[in-house]
Amino acid sequence: MMKVLVVVALLVTLISYSSSEGIDGLEADELLSLMANEQTRKECIPKHHECTSNKHGCCRGNFFKYKCQCTTVVTQDGEQTERCFCGTPPHHKAAELVVGFGKKIFG
């Protein structure tokens, strides 16, 4: 049973790491924005801070880079706006949990 947990933890970690290293599909205007803001990208955005204007500028966490997660907010006037924040995706949280559990058992 322990071997199965270790193998599953390794697979989840590898899959999560490979998906976090891949570049998300960039639109042309986002790519131009990234090139124009090269200096501001060097200062990363901490977890739970707004990343609406710089969607690829989130800092790294313990194991993975935080992802800019966006939601659509509807105001009382009925106007929709997009708000984004740096956070840990659920599959990264699961991988960190498994690794932390493995460290407690083996280490």
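Just so it is clear, glycine is given a Cβ too, placed from its N, Cα and C backbone atoms.
Lifted from Swiss-Prot, the feature list:
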- 1-20: signal peptide (SIGNAL)
- CYS44-CYS59: disulfide bond (DISULFID)
- CYS51-CYS68: disulfide bond (DISULFID)
- CYS58-CYS86: disulfide bond (DISULFID)
- CYS70-CYS84: disulfide bond (DISULFID)
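Swiss-Prot feature annotations superimposed on the structure.
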residue	record	Cβ neighbours (10 Å)
CYS44	disulfide bond	18
CYS51	disulfide bond	22
CYS58	disulfide bond	23
CYS59	disulfide bond	13
CYS68	disulfide bond	18
CYS70	disulfide bond	13
CYS84	disulfide bond	19
CYS86	disulfide bond	23
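Between the CA atoms of CYS51 (disulfide bond) and CYS84 (disulfide bond) there is a gap of 5 Å, rounded to the nearest whole number. Looking at CYS58 (disulfide bond) and CYS84 (disulfide bond), their Cα atoms lie 11 Å from each other. Spatially, by CA atoms, the disulfide-bonded residues CYS44, CYS59, CYS86 include one closest to CYS70 (disulfide bond), and that is CYS86.
Calculated from their C-alpha atoms, the gap between CYS44 (disulfide bond) and CYS84 (disulfide bond) amounts to 15 Å.
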